[in-house]
Every structure is written in structure tokens, then in C-alpha cells.
């Protein structure tokens, strides 16, 4: 078993420390994995940063006498930035920790109060402090050199990679991606893990089992956006997924809404994988990236909006040394919400990784890739501009619809095939665990099946009138943004209180021309009145139990000694608790974590109505849905209906069964690769109900298979995929699927795609390290290299 490396200095803060110069250059040798305060002889008070390459008396000494600014807004979340000069350069020292948050807050308080600098301990960097690994494992009470004791120093709790020799143990298996069993990806190693029935979730804490102070085999994650109630028991699927990651395998994690994918990923990032530049956490949306503490995949890859074709994009990426350095240091790449990434973008990122890392024959240049998402939820959305830029005149018909052969999903690409992913599906529903019949109903809807169970439950919801709770009305989920905006404006005018409060945001952008509307979810202008129904867009420092997606009603406004009055909101999710909502700041980070923009604003938004794209990932207390043809794309009905915990919280004001449909190729992918998720055909509740005026394909066929004979008069040859047993069972289940595109994906190309052959990437790029934002007009890439469009476009 590998034991975690102890602190070099007992009073230090362990974490990820990055140093960035004023011109944006990252100074790697000045960063490290732990820092502390010390009054050094001849230098005065200093912030000392160390890494594994330093000896006990060495480090980078930032003299505090010239400190310019201490940004401690997110100190409670383990983040602190200190702006201080060093060697004639103005530097930003960014400190991030999950293990020593309390110590970081104490450090922030000391840095902000110069009167306390005289109390900083002297010459800490010169003191000899010997702690053996045996001491770390066997005791939590360690005697220091002054004869006193330091208690509750559990150095096993978190692993921070500080050098090439850092690694963590999970069930006795190395969790260093490059040291893992790469050769087992397609062999008996992965197969044996998939067939095992493990009993505990491996972690870096104790080589296979969570420590008792974290709940043993259970986890109580107080996470922003958490969908799981109370304490969470890890399932066999989640344990298998963790073990696969720790063997170095490429893994795809999927599952229905509310099956704990986010909670599992947060545990993986915080407690299992190395926490340094070797592990990169990304997501396709800004909201998901912010929740995970990472950046968007477009920001990390450096592709921006991807305009101009591969050659131009690749040349821009090569011109950014921080992006090239990040690609070459990366050993494990996590991409959340993979279903929202277009296949063109996915292939382009793969080709960039191969080229920058000098490994053209290895997928993603040899990086371990961990993908999460659900292809049966919202599909990728390409803007018209991106679609026109990609097409050459042969990819669209006269109605601007994609031709049948056009790829739609990442799993249809040659890149997906080359990764040889181990597939794991999470099956246990935490969100609807108290209403299992409703969970089965949602699973039918997810696959586009209008069954007797779906008909019965949705008919109940269509006749139900839900009363408000703590003043909260059911949130109307719509498909288009303009519909939500219009509805919210009408409801705001209907309030009796004529007095309103307007809040304008305070914006900062390091890059001229940056449009923050596309980067953060905070609104530039917010108008509130007493009685307004709102949704929280960010966690609050004084109310950590509240998180993004919590709803409430504005009940009053509290006057402040400085600045405008702040809204007081009664939140339904906290039992009617009234909370003062202050201004918060959202930061936009570049590929290496450097802050390039901020917006400070009240983190609220009117929520009588929200779009289905905004609702994705949320758990809402009450929901109202007009289930009709306004839901125009596959997966939209499923996402809207699955936001609640039980059928009692759902009300349908319109009900058209034809709005329930799934993408044929996505359904075929899941039926082929996850046959265990099929329901028993003997269950009468699974019988399909005919829909008047709607044609369902019992055997979803591609466009080329619609005719029974070909031009030569011969019957079309059956595709090999249809001979699979799992797919045969899918025929029997039937499904209401969208057959506008071929069911069977194109076979992967054997030849690796050349740079000249790779098509242009779509402009469906994402805001980085922010909450999901609305989409607006695109700025020039030359003006703003980090600005991206939002992939999840929810307007016409």
C-alpha cells in the first residue's frame, strides 16, 4: 500500500499553488504543493511556497511587505489569491486546497491584517521537522520540536501530487495514469473488473476503503448541485468504475438523470486521482465545469470557438505556450457532459492532442480519457453559422436538415472507437429513489417508449393541480429562451408591489472585447420585486447548505450602510428559511487557471419559467410542463420531466404523447452496449400504447433501408449490428424513435485522420469555468481567445 507523503512543514497548507506573472506567463518553478507563512531573518514576513523538489530549508519566498492584494472571497471553498511582487515581477499566487481549508482561512485572515504579521512564527523554513511515514500512518497526535503537540493532522485524508514519484493507492493498484495497467485496457484485467462484485469503494485515503471520519463505506457529500438525498451508499457500478480508472483504462460513465454521476466524479477528483497538472477536469458546459472545479474542454484544448478549420485552429493552439504546456503535462483528462459535444469537436480535440504530444498513433496522444454523460438527454446543438462553416454544399438538403450520413454523436466517430473505452452504466436512481414506479416511467421516456406505465402516470400528472409550497409555484420548463423570458416578464408585472430594485453587475475583463454574457450565468441587469420567484445561481458564503438551483421568493429588501439594499429570499428547499443574498463574484479562468474576467452581481434569476437546457442537472421542488410539440428535439421531454423527485411534484398543463421520442442511433447504442438496462418484455406495463397520428418504427432503419429492395431489385443486406442478441431484444421492445438519421453508425475509419483531412470544428464552444450562461452574438476569436459560445443553445 502506498502511503501519502507527509507535510514538510506542519503548519503549511497543502494543495495546488500556481504562480502567474503580470503578463500572464505561468512561472512553474515558483509554484508548488504546500505553502506557509514565516518571518525569515533578513527578509521579514514571507509567504513560502514549496514543492517536492525543495529541501526542508528551501522554497520560493514571497516578501509580504510589498503585497498588493489578497483575494479571499472563496477562502471558504479552499481558494486564495495573493498579488505580490517577486524578483521585479508582479505575481499572482493562486492557492487551492481541499485538505487544509481551515488553515487557508487563517492564512487569509493573517495576510489581510498587517497588525498580525508580528505574530507570524520565525524562520519556519529553517526549522528541522522530521516526520516519518510511520508517524503519519499510526498516529494523529504528533509531537513537534517545541515539545507541544499538533492534533488532528490526518495526512492520509488527501493526496496531492507534488512530483514525478507521487502516486496514490486504490485497492493496491497505482492510480498514476501512466503507471497504471495500460496493457489491461483490452485484456483480462478490464474484463475481470467488470465482472467483479466489489464490496467497498476504493479511495486514496486507505487503499480501498473510506476512513471512518468520512462515513466508512458511505459518503455524505455536501455538494453544490447534489441530487442525492442524505447519505450515499456507493453501488457496485460506481466501485467498478473507480477500479477501472485506477488501472489506467479509458472509461465511459453513463446513466439516467439522478444516478449519482456527479457525486461519483467529485469523489474521484477529490480523493482518488492526483491533484496536480497531471489530472485535468473539464466539462462541455460552464455550469458543470464550475461545479467540478475545472474548466471547459474548449478552454483547456485552446480551440476557442474553433472557427476557420483545423489548420487555423491548430496554429492558434500552438501559439499559446500555456495551452501546449498543459497538454503535455496532462496524463488523465476528464470530460463531463460528453453528450453535448459534437463529433467534429471531439475528433478535433483528439487530433490536437496527438499532434501536440508527439504521439500521432495514440488516441489523445496517450492520455487516459474519462468520459461522463448521457446520450439520451439533450443532443449537441450547432449554431447555423457553425453548420454553414462546416458544410461544403453536400452535407445538407434544401431544408437545411442534416443528411442521413452526417454524424451526430461522439460514439459514432473513429476517435471513440480508437479509445477502446470500458463502458459502465450507473443504474440506481437516487433522485427518484422514493418513487420507483416513477423512475421506471422516466426510463421508458428516456428511451422514447410510450408505454402503459408512461400513459398512466402522465395522465395522473395532467389532472393534478399542485399548490405552492412556501410561496413557490411550480417552475414552468419550456424549450425556448424567448418563451421563458416573456413569461417571467409578464409574471413580474403582475406583482402587487410596484417598487422594484435594479442591480447592475460590476465587470472586469483582462481581454478587450470580452462578452461576459456568454461566460457567466450572472445577469448584467437584474430587476426584483417583493414576491418575485427566483432561483439561486451560486452558493452563498453564509449559507453553504444552499446551492445552485435552489428556489425561493423575495420577501423583503435589507438596507445596507453602503450600497443598495439586498434581497431577502425565503428558500423552499431549506424549509422556508429566509436568507440575505449578497453579491458574489464569478471568475472566468484561462486554460491554466489564470483569472481573465470577473463579474460581481446578485446570484439570482427570475424562475417562474426556465429553459430545459438551463434545467438540465437541476433538481427542482415543483415543476410544470407543457408537454406538446414545443419540445422539438429528442431528449427534451425526458430532461424536463426528470427534474423532480416524485410524480407528486410534477404537473402537466398540456399532454401530447408525440413529444416523447429519442434519437434512434442513441437508443441503438445503449441497447447494444447496456443490455442489462432493458426492462422485461413480460411486464404488461411495458407494453407500447399506439399514438394517434404518430408512426413508430418497430425496426428503426436508416434512410437507405426504407425501401424493401434496392435499385437492382435485391433485398437490402442486413447490417451486422442487427444480428446482435441485444439488438434483437430491442426490436421486440419497440420504441418511439426519431428516424430522421440512420440508426447504424458508419464503421470507423482505419486510417488515422490527417491534419489536412480533418474538417473545421463547429462553433459550439463553451464558457470556461463558469456556470452555464445564455448564448449571444459571438465575438472575434482574435479579440478574445478565451471567449466561447454556449453549446447548449436554447433558442431558435
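Every residue number used here counts from 1 along the chain in the order it is shown.
Backbone N, Cα and C atoms are what each Cβ position is placed from, and that goes for glycine too.
Check Swiss-Prot against the ranges 616-635, 636-655, 656-675, 676-695 and you find DNA-binding region recorded for 636-655. Range 197-230 is the one annotated as region 'Disordered', of 163-196, 197-230, 231-264 (source: Swiss-Prot). Across the DNA-binding region (636-655), DSSP helix (H, G, I), strand (E, B) and coil residues number 9 helix, 6 strand, 5 coil. Neighbour density for residue 256 (ATP binding site): within 10 A of its CB lie 23 other CB atoms from the protein chains shown.
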